[in-house]
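To start, the structure itself, in structure tokens.
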Amino acid sequence: MRWSLTRPGEEPGTPRDATMTETVKRNLVMGRLQDFVSWGQKNSIWPFNFGLSCCYVEMATAFTSKYDIARFGSEVLRATPREADLIVISGTVFVKMAPIVKYLYDQMLEPRWVISMGSCANSGGMYDIYSVVQGVDSFLPVDVYVPGCPPRPDALLEGLMLLQDSVGTQRRPLSWMVGPQGVERVTPPSLRDAKRDQRRAAQTLRSPDTI
């Protein structure tokens, strides 16, 4: 930070003018209102404290000091869906539980997002039976899929960053009086496809008994 002082009645000189111009350039931010709203939303996603099964343990681990999810502005866990805008479906979704999950989702604030965490939430996992929903996307609009059984907390954080990138590029009306009443959602890229070349080039794999 730079600053300068002038005496009362003193004429500002050229060096001070240059300093003020430089200061204005560093501190004045110009842009569209929608861009600022999207920036604020993507950096202040409030997750709903909700879990279903084993993957919830890994989700809770992501909020510990080791992983420090506060870096992404998502450390504010909400105990009620009316104050949250993100729900992480972490675990097995049974048919009897699906209406309750949908009811909780309907109470969330707009705009709201869904992360499907784990194989059971993504596709039913190993439970190919009548009592388990074969994919939470059959009744909820899923924004990000996090694979694994269960996924590591690092994978959830990577999914959160992927969600933030898509939220930052979404366009939504700021008022019912302005523009169409739809939300232009951006399809998140597939990280499996993005990392394919890097994985193919790997020649040394870590030992399975290490972390």
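Glycine too: its Cβ is placed from the backbone N, Cα and C atoms.
The shown structure was predicted, so the numbers you read here are calculated from the model rather than taken from an experiment.
The [4Fe-4S] cluster binding site annotation in Swiss-Prot covers Cys54, Cys55, Cys120, Cys149. When Cβ atoms from all protein chains are considered, those within 10 Å of Cys149 ([4Fe-4S] cluster binding site) total 12, not counting its own. In the three-state DSSP classification, Cys149 ([4Fe-4S] cluster binding site) falls within coil.
Cβ atoms under 8 Å from those of the region 'Disordered' (187-211) belong to residues 143-144, 158, 162-163, 165-166 of the same chain, restricted to positions at least 6 beyond its ends. Residues annotated as region 'Disordered' in Swiss-Prot: 187-211.
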Starting from the Cβ of Cys54 ([4Fe-4S] cluster binding site), draw a 10 Å sphere and report how many other Cβ atoms land inside it.
-> 16
Whose Cβ lies within 8 Å of the mean position of the Cβ atoms of Cys54, Cys55, Cys120, Cys149, the [4Fe-4S] cluster site, other than those residues?
-> Ser53, Ser90, Gly91, Thr92, Met117, Gly118, Ser119, Ala121, Gly125, Gly148, Pro150, Pro151
When you measure from the Cβ of Cys120 ([4Fe-4S] cluster binding site), which residues in the chain that are at least 6 apart have a Cβ under 8 Å away?
-> Ser53, Cys55, Gly91, Thr92, Val93, Met126, Tyr127, Val132, Cys149
DSSP assigns the residues of the region 'Disordered' (187-211) as 10 helix, 0 strand, 15 coil
